[in-house]
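Sequence annotations record features per position, and here Swiss-Prot assigns disulfide bond to C22-C50, C26-C52, C32-C53, C39-C56, C64-C78, C70-C100. For 24-103, the entry in Swiss-Prot reads domain 'IGFBP N-terminal'. What Swiss-Prot lists as domain 'VWFC' is 98-164, and the listing cites sequence analysis. Taken from Swiss-Prot, the feature domain 'TSP type-1' applies to 194-238, supported by sequence analysis. According to Swiss-Prot, the N-linked glycosylation site annotation covers N196. Look at Swiss-Prot and you will find 1-23 tagged as signal peptide.
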Amino acid sequence: MRGSPLIRLLATSFLCLLSMVCAQLCRTPCTCPWTPPQCPQGVPLVLDGCGCCKVCARRLTESCEHLHVCEPSQGLVCQPGAGPGGHGAVCLLDEDDGDCEVNGRRYLDGETFKPNCRVLCRCDDGGFTCLPLCSEDVTLPSWDCPRPKRIQVPGKCCPEWVCDQGVTPAIQRSAAQGHQLSALVTPASADAPWPNWSTAWGPCSTTCGLGIATRVSNQNRFCQLEIQRRLCLPRPCLAARSHSSWNSAF
């Protein structure tokens with residue numbers, strides 16, 4: 001086939017040039033200092049680009065080259081021409097990596113996980129979204145409960161709704177298994193004014209970009225409890241896919 005000898009010649013020349021460059025960068029035989037370098041806290045030791053000596057991994061936006069490699073556990077790669085003014089190489093996030101990190105644990109793109117018993121989350125393109133598993137986060141309390149509140153029941157993951165009458169006496173009973181509270185209240189008069197009541201806004205459904213936060217409130221024209229939603233924006237999403245680390249959320 002025409003052009004094949006030229007292609008083979010170019011490929012051979014490229015391999016020879018590459019081997020010469022690698023020979024200049026990597027010392028032969030491999031010799032390393034007796035004591036490994038002292039890295040800053042949280043920075044691991046990794047093998048250099050020659051696979052010879054251990055060096056401190058370079059972190060996000062730090063300069064990098066053949067011998068000083070980026071931290072692979074954080075999905076960082078050395079990007080040439082990404083330094084100031086388009087010169088030099090720096091460590092940036094790998095755009096092809098859709099994994100996410102939550103509470104120090106890494107999950108694959110599309111993997112589902114439970115950071116706690118109350119939510120089910122899914123790793124999605126470098127971020128993650130979560131759905132509530134407790135019915136109290138979705139189901140409203142009874143309509144005849146003027147001041148509902150949620151209490152944490154010993155031995156149970158999900159809190160439960162109870163009616164708080166305030167100054168009005170309420171009948172409470174304690175279950176034998178633990179101090180579970182349930183209140184029986186007298187229905188309020190139809191002419192009595194219903195006080196405004198609402199829970200705090202819940203966390204945003206996303207870690208970056210637009211999401212939805214919910215709360216339970218009776219602040220509407222019918223003065224009835226309903227689930228209200230509003231848009232939320234925790235932070236803008238990075239142009240490159242990144243690892244989401246939400247260590248304080250759960």
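Each Cβ is built from the backbone N, Cα and C atoms, and glycine gets one as well.
What you are looking at is a predicted structure, and each value in this text was computed from that prediction instead of being measured.
C70 (disulfide bond) has its Cα within 10 Å of the Cα of these recorded positions: C64, taken from C32, C50, C52, C53, C64, N196. Between the C-alpha atoms of C52 (disulfide bond) and C32 (disulfide bond), the distance comes to 7 Å. For the recorded positions C26, C32, N196, a Cα-Cα cutoff of 10 angstroms around C50 (disulfide bond) retains C26. Each of the disulfide-bonded residues C32, C53, C70, C78, C100 was scored by other CB atoms within 10 A of its CB, and the lowest score goes to C32.
Across the structure, C56 (disulfide bond) and the residue listed as 'N-linked glycosylation site' are spaced 58 Å apart at their Cα atoms. Secondary structure at C53 (disulfide bond), taken from DSSP and collapsed to helix, strand or coil, is coil.
With helix defined as DSSP H, G or I and strand as E or B, the domain 'VWFC' (98-164) counts 3 helix, 31 strand, 33 coil.
Of all the disulfide-bonded residues listed (C39, C50, C56), C56 sits in the most crowded Cβ setting, with the most other Cβ atoms within 10 Å. A distance of 16 Å separates the Cα atom of C39 (disulfide bond) from that of C32 (disulfide bond). Listed in sequence order, the residues of the same chain lying 6 or more apart from C26 (disulfide bond) and placing their CB within less than 8 Å of its CB are G49, C50, C52, H66.
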